[in-house]
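Asks: Mind looking over this structure? Questions follow.
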Ligand SMILES: NC(=O)c1ccc[n+]([C@@H]2O[C@H](COP(=O)([O-])OP(=O)(O)OC[C@H]3O[C@@H](n4cnc5c(N)ncnc54)[C@H](O)[C@@H]3O)[C@@H](O)[C@H]2O)c1
């Protein structure tokens, strides 16, 4: 068969994955026209904004978009045109955990993937390579193929590839520039392998050949869930040990360092914290749990479920430690929460530990003062009202105040809780914070960020995750 050469790419979904990924493809492949389409007009407008006020914060992203936008990178709400013109289409739509129906709370909601796939079938009038970029359960590509084949016009053929995205928010651009690996899964047929080669050629414009892994479709789909499950499992493992440290007087930083020095283990992802967040870890593990249950593997399901349960426990444990330390009540007390994003260097708040902490503090009737350097106010109110559906928005707004700096949030507070590891929080002038706080002044470090010894010298009572009260 004739070799396929990709010259026009369409990406359906201009979110945290579709936007950065395809912007980098456009930058590195000036000979390919890349159009990113989305149904959300506000999001597309922000991608197209004259002052480059992009809808997501990601270090280095603005620079990439500035270089490629209008040259060979376009953002549009015209999904149909994008589909029609492309020879390769990335499906990069959201796949959240199902909220209702069969598999609710565990399985992935594939509704958006299905709608996007049906749209491709309905409007495509030439053959396409359709690439599953979203994280999906194993064998979703088969469902996509069935939909495409059942609805396509006679002369169109569709080759489905799986090309999961391994970028991490906060480092997306450097991850995309220098990926550990690019994974492409295809059917092992002549056509499947040719489509795989065509996509590999796109990445080969900047990714070394040995980092482009080509595998079977199902291995590719499962590898993404497996990678996230293993990463999250490391965090839950170190967090489980942090609880033991607090009870024994061991220090989790020292334990993690000693363990991580073992070359078989390695040092990464061993930082204890108030718990992992983000749109992927919990969702993807629950997905694996659901898959295991569907395959009648209850022990496997229970094993992975525990990773998520450990994470919930860690968040609960931390907020309880705050209440216990503040003499068993925080009613009417002012608590400063520093950080609302699920981790540093992103404005993403999905599944952020901060949301759970603030919900717990509000339930204890504390006055919570929140500051985050990147998260928009509107987003914080949306997350908090969703997390506390039983409370009217006015009640939440009475108990929660949004602040425009860390110093402002900490003023007159009885306790400061560090929930996100923003670099900015390492530069806080703690002497000033102390002078402006009620006494005794407490700091709860959920991110192993502060110099506890120095803070104690200033006069703070410091509680750090993974360290006993004697520190
Ligand atoms: N966020 C991450 O760090 C990350 C990393 C790797 C993989 N993933 C996976 O990538 C996928 C996308 O994640 P995200 O964080 O970019 O989600 P997102 O919610 O930020 O973006 C998805 C976008 O798709 C759009 N969309 C949905 N249905 C559409 C349709 N039919 N037509 C056009 N646009 C449509 C939505 O409007 C939204 O803007 C998910 O499956 C996720 O699991 C995410």
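Cβ coordinates are placed from backbone N, Cα and C, and glycine is handled just like the others.
Sharing the feature lines straight out of TrEMBL:
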- 13-18, 38, 43, 93-97, 134-135, 169, 280-283, 350: NAD(+) binding site (BINDING)
- 165-169, 224-228, 264, 271-277, 342-343, 447: substrate binding site (BINDING)
- 280: active site, nucleophile (ACT_SITE)
- 336-452: domain 'UDP-glucose/GDP-mannose dehydrogenase C-terminal' (DOMAIN)
Asks: So what sits near the residue listed as 'active site, nucleophile' in its own chain, CB-to-CB under 8 Å and at least six residues off in sequence?
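Replies: Sequence-distant Cβ neighbours: 135, 228.
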Asks: Just checking, which of 97, 228 (binding-site residues) has the fewest C-beta atoms within 10 Å of its C-beta?
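Replies: With the binding-site residues 97, 228, fewest surrounding Cβ atoms within 10 Å: 97.
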Asks: Applying a 10 Å Cβ distance cut-off over all chains shown, what neighbour count does residue 165 (substrate binding site) have?
Replies: 23
Asks: 225, 272, 282, 342: which of these binding-site residues put a Cβ within less than 6 Å of any ligand 1 atom?
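Replies: If the test is a Cβ under 6 Å from any atom of ligand 1, the answer is none.
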Asks: If I take every residue in the domain 'UDP-glucose/GDP-mannose dehydrogenase C-terminal' (336-452) and average their pLDDT values, what number comes out?
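Replies: Averaging the confidence scores along the domain 'UDP-glucose/GDP-mannose dehydrogenase C-terminal' (336-452) gives 97.
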Asks: So which one is it: of the binding-site residues 225, 272, which has the fewest other Cβ atoms within 10 Å?
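Replies: The binding-site residues 225, 272 were compared, and 225 has the fewest Cβ atoms within 10 Å.
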Asks: For residue 169 (NAD(+) binding site), write down the residues of its own chain that are at least 6 apart in sequence and whose Cβ falls under 8 Å from its Cβ; none is a fine answer.
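Replies: Those within reach of residue 169 (NAD(+) binding site), by Cβ under 8 Å and sequence separation of 6 or more, are 16, 58, 278, 343, 345, 346, 348.
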Asks: I want to verify one value. Collapsing DSSP to three states, which class is residue 38 (NAD(+) binding site)?
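Replies: Coil, per DSSP.
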Asks: I'd like to know which of the binding-site residues 38, 94, 168, 282 has the most other Cβ atoms within 10 Å of its Cβ.
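Replies: It comes out as 38.
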